[in-house]
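Q: Sharing a structure here in structure tokens format.
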């Protein structure tokens, strides 16, 4: 067995542990994701609807991870306040916001008919 692969996997898991421990927004997103996944099994959704929801969930989580990475890098590179760094961080957060809004809209489109019954 290739121990380098195991070591790399451990580093990835450590990164996810760190974001779960230190980033409140990520924990909130995980909670929302678990609620949506629960709803996916409660309502009789089509496989395609479930797949779309899972893609949206993982997209938001991945983009939030990237957002945190960008914020950490910017804080490391420029510890003092810099308007350019603020703009970079705001843009990065905006990406997550847009993905989140898109996910909410898709969730409403998929779940709305079940709430009307």
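Using N, Cα and C of the backbone, Cβ positions are placed for all residues, glycine too.
Caution: TrEMBL annotation is automatic and unverified by curators.
Keep in mind that this is a model prediction, so the values were computed, not measured.
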Q: Can you tell which of 71, 80 TrEMBL lists as binding ATP with 23, 89, 90?
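A: Candidate listed by TrEMBL for the same site: 71.
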Q: Cβ under 8 Å to the transmembrane segment (26-45), counting only same-chain residues 6 or more beyond its ends: which ones?
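A: Answer is 19-20, 53-54, 57, 60-61, 64-65, 68, 100, 107, 110-111, 114.
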Q: For residue 23 (ATP binding site), what is the secondary structure by DSSP, using just helix, strand and coil?
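A: The residue in question, residue 23 (ATP binding site), is coil (DSSP, three-state).
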Q: Roughly how many Å separate the Cα of residue 89 (ATP binding site) from that of residue 64 (active site, proton acceptor), to the nearest whole number?
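A: It is 12 Å, counting Cα to Cα.
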Q: Give residue numbers and ranges for long-range contacts of the transmembrane segment (51-70): same chain, 6 or more residues beyond its ends, CB-CB under 8 A.
A: 15, 19, 23, 25-26, 29-30, 33, 36-37, 40, 45, 88-89, 92-93, 95-96, 99-100, 102-103, 106-107, 110
Q: Quick one: among the recorded positions 23, 64, 71, 90, which has the most Cβ atoms sitting within 10 Å of its own Cβ?
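A: That would be 64, with the most Cβ atoms nearby.
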